């Protein structure tokens, strides 16, 4: 019975793996390369703590504390592209409830998740365009537009309490994302007075109609030695706020090597997206990151993506900027085109004023 339940619940990732492994073997004349070459880990991985920031110093502190907190976030955004937040206002009980609802959602049969139109048909798994194991993500997710969560046409099936929990989580993580983004913007421009309302003009065009909440599950993987949970990438947004469980598996590129992020209970992870790097004239870094597969246990996470409308001009914190003007829609279209034609995302180098990317 347990084996049948696993087959019914999980997407056919093993089938994708075997097909890609066979394709790779055929290309290499019947000899598969070592697993570490497939994953591209580049040797031993250090486990590190991300810079830790107490957000309450920004939201409730005096002028000196607000300035120090914003400065700490700006340094982390410049040096790491990632940091963690404590005292962020997203309650432990709410996130535990979100994990319970998330687990119930992902325990549904694969056919139900894929075909029934749950959560506005936002279900996805693996990578349908993968042509090698380097492009395969051992994961499934619901990538839900915020506006859809409260929509009458968004089907939650029998998960009657999921809508309310997702709405609460989205609202709480939205407050965090906008507070952090405004403070980071103020550090570069000197505008505003600190806190969530410091720079209402930034990020331009970002509101509940343009942002996304993503529910992720990384199933235990029997091929964890040579499979990614999520392939290396940067985020095509302004800023991402992540709530992860204690399983671990998030890795980021630091000083030209992969670093494993040590999970911290009750902390949120923040990372800079491509659009913020462009807006900041490369002061803040959108850093490549990945999730490694786990052979023994599932991993769950919830991510909030702060995105503008497709017609929003990304802009700059000040001239001269190394990037030409572009909209979010133009950026997404180019990313999708590159992935389709080359198998990988090129991203910001396409938008340098004097780009050499062909």
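Every residue gets a Cβ built from N, Cα and C, even glycine.
Together with 299, 301, Swiss-Prot lists one candidate of 218, 323, 331 for binding 2-oxoglutarate, that being 218. Residues 233, 235 are recorded by Swiss-Prot as Fe cation binders, and the candidate that the same record lists for that site, out of 251, 289, is 289. A Cα-Cα distance of 18 Å separates residue 218 (2-oxoglutarate binding site) from residue 235 (Fe cation binding site).
Comparing residue 289 (Fe cation binding site) with residue 301 (2-oxoglutarate binding site), their Cα atoms are 15 Å apart once rounded. Listed in sequence order, 216, 217, 218, 229, 244, 245, 247, 248, 249, 291 are the same-chain residues at least 6 apart in sequence whose CB falls under 8 Å from the CB of residue 299 (2-oxoglutarate binding site). Sequence-distant neighbours of residue 233 (Fe cation binding site) (same chain, 6+ apart, CB under 8 A from its CB) are 288, 289, 290, 345. In this structure the alpha carbons, written CA, of residue 301 (2-oxoglutarate binding site) and residue 235 (Fe cation binding site) are 16 Å apart.
Using a 10 Å Cβ-Cβ cutoff, residue 301 (2-oxoglutarate binding site) registers 24 neighbours.
Summary of the 2-oxoglutarate site environment: with the site residues 218, 299, 301 set aside, the chain residues having Cβ atoms within 8 Å of the Cβ mean position are 139, 216, 217, 229, 244, 245, 247, 249, 291, 298, 300.
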